[in-house]
């Protein structure tokens, strides 16, 4: 029996870094939401006791560096699973883009193998396992919209924002998340109002949400990568209601409610940026069905 699982991308509507922890991680407070740009994960049982990664994307590692591989290995080791698995990954989410593509692939693998191998784990249990793989994996196990705290693994679900378009643009550069965090001086920069964002979402106040978007990591990435700053400026100029970098970058997203304006922004960005997507926010959390 083969199993297909969707692995949607995420954006950060608000991302704050509070301080560096004794364990080397950073304490964060974020509002994240899934969007309907998704990788496609196909899980194919194997006769031998191996884990294989299959992908046509040359940027996807096919060994232990791949987070989906790590997810499968974690379940095999934890529950003494002797069956092998091939994980076919069709990438639609740009790689190393600040959209949690790798983390979402891992989360989809956890959810899918939980079903395929009849493990009977809850989403909470899968999210706890996911935290061992990466900071964004726990959120990606649940999906929907949530506050993430700790190093990103403590998840509190909240309602989805009001319906709107999300336009994404990724320049053809890579950004090292570790390097961005290394260069972040949390005591010397302005911090976004994460609680205000949460309140605005509960009120379904689109205008307030647009005013409150914020990402503390922009302080590092925009200075080092002028291409990202340029996309932000152009997206604003083309008429997006709010513009923000997602994660550590380099992807920039804009929020917009009107179809005509969306088309104008999309066409304008396509003039100088190869990877541009127009998507919607996914309001629903994942289920175990």
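Residue numbering: from 1, along the chain as shown.
Cβ atoms are placed via backbone N, Cα and C, with glycine included.
Database features, via Swiss-Prot:
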type     : residues                                        : note
ACT_SITE : 10                                              : active site
BINDING  : 94, 95, 96, 97, 98, 99, 100, 101, 102, 103, 104 : ATP binding site
ACT_SITE : 136                                             : active site
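Positions of Swiss-Prot features highlighted on the structure.
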residue	record	Cβ contacts under 8 Å, 6 or more apart
10	active site	32, 33, 34, 35, 99, 100, 104, 136, 139, 140, 246
94	ATP binding site	101, 170, 251, 275
96	ATP binding site	59, 174, 175
98	ATP binding site	175, 177, 245, 246, 247, 248, 249, 250, 251
102	ATP binding site	66, 67, 68, 95, 134
Beyond the site residues 94, 95, 96, 97, 98, 99, 100, 101, 102, 103, 104: chain residues whose C-beta lies within 8 Å of the centroid, for ATP: 9, 93, 247
